[in-house]
Ligand SMILES: Cc1ncc(COP(=O)(O)O)c(C=O)c1O
């Protein structure tokens, strides 16, 4: 009998050979199946994505790009990368795509390396107002190597203050303006950012790590026509493998490619590149467009349900997959709410709110998101109930067991990695 044409993960072998690690895999699956995951930056990849990730492509060294590698034997993995690039370009209508960044942070590092020199000025959203570490935090390379000017949201509307962005741009003349955030629930006005960048002669980078999946499904407007460079992660609402990618104009293609390799990275993770191609293929399907619309509808239902119970949504609501919730009316801190929800089987994260009086380890807020629960098949009625359960878990910790029972009942219908995709 000939060998099987495919060779993939053998969990039985892992269990026999390394029971400690096998048990960790089982425990993590059990954790995910046993609670409601409201972490806005997570999702459940499809079995097809997992199959590509668990493939022998992980073995191949392929420094360089398809057709111009620094290793032999790349003719097969070249096909995977070409497909990933073609699908990314088609999905997002971009001139050029680089699918090699290992993560969102690596994608940003490469984009900055392509456009800036150390000491150059960049303008980006402040971390306490929703920006990401890689947007100029002092504890990150971005804040150490560049002269970073930060913009924020207005105190009254909690929306990006475009007047402030323009004033800062005119005053500091940044070489790069970054839009995009990690905890901003509203749509970003790309036309305003493009206009400001043009006025001061700056590049515009849209870090779409969070909403890229919604862009792929057409549920929110695309940043691609406005930004010179779009960086993103593939593992959030987009539902692909953990990783990053970059889209850019034809003009910047060579600079971006040289910045990713050889400047920032060595060999690409070809199993992850293949898995990104699978995810892009899935995101092109009509079902994915429908999924992204349901993600937003679910986020709105959850946010509305929380608001009924006095948990105010920062900026008054959401247009995306996530919401930032101000807990001050409950008298419970973000850190305590995170703990109480965990005890009741609901996983979410504490998050600073704009102008937060509490430090980052405590916070006055939580961030909630619906990519996971929507992948599981929950609908707006169920998200209303999830909102009521979060409220009960936060305000009445003594009722954690009762909340956990309702969580289990919901999960009995919608269990990840048991129901159909
Ligand atoms: C806006 C933004 N940029 C970059 C990143 C970094 O992505 P990664 O964690 O893959 O490095 C994130 C992750 O949360 C993000 O939200």
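Each residue, glycine too, has its Cβ placed from N, Cα and C.
For reference, TrEMBL has these:
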BINDING   127, 131, 132, 133, 250  (6S)-5,6,7,8-tetrahydrofolate binding site
DOMAIN    15-389  domain 'Serine hydroxymethyltransferase-like'
MOD_RES   236  N6-(pyridoxal phosphate)lysine
SITE      235  site 'Plays an important role in substrate specificity'
127, 133 as binding-site residues, winner by CB count within 10 A: 127
Of 127, 132, 133, 235, 236, recorded positions neighbouring ligand 1, Cβ under 6 A: 132
Neighbouring C-beta atoms (10 Å sphere around the C-beta of residue 131 ((6S)-5,6,7,8-tetrahydrofolate binding site)): 25
Surrounding CB atoms that lie within 10 Å of the CB of residue 250 ((6S)-5,6,7,8-tetrahydrofolate binding site), all protein chains: 9
Max CA-CA distance, Å, over listed (6S)-5,6,7,8-tetrahydrofolate-binding residues 127, 131, 132, 133, 250: 31
Inter-residue C-alpha distance, residue 131 ((6S)-5,6,7,8-tetrahydrofolate binding site) and residue 235 (site 'Plays an important role in substrate specificity') (nearest angstrom): 18
PLDDT averaged over every residue in the domain 'Serine hydroxymethyltransferase-like' (15-389): 98
Sparsest Cβ surroundings (other CB atoms within 10 Å) among the recorded positions 132, 236: 132
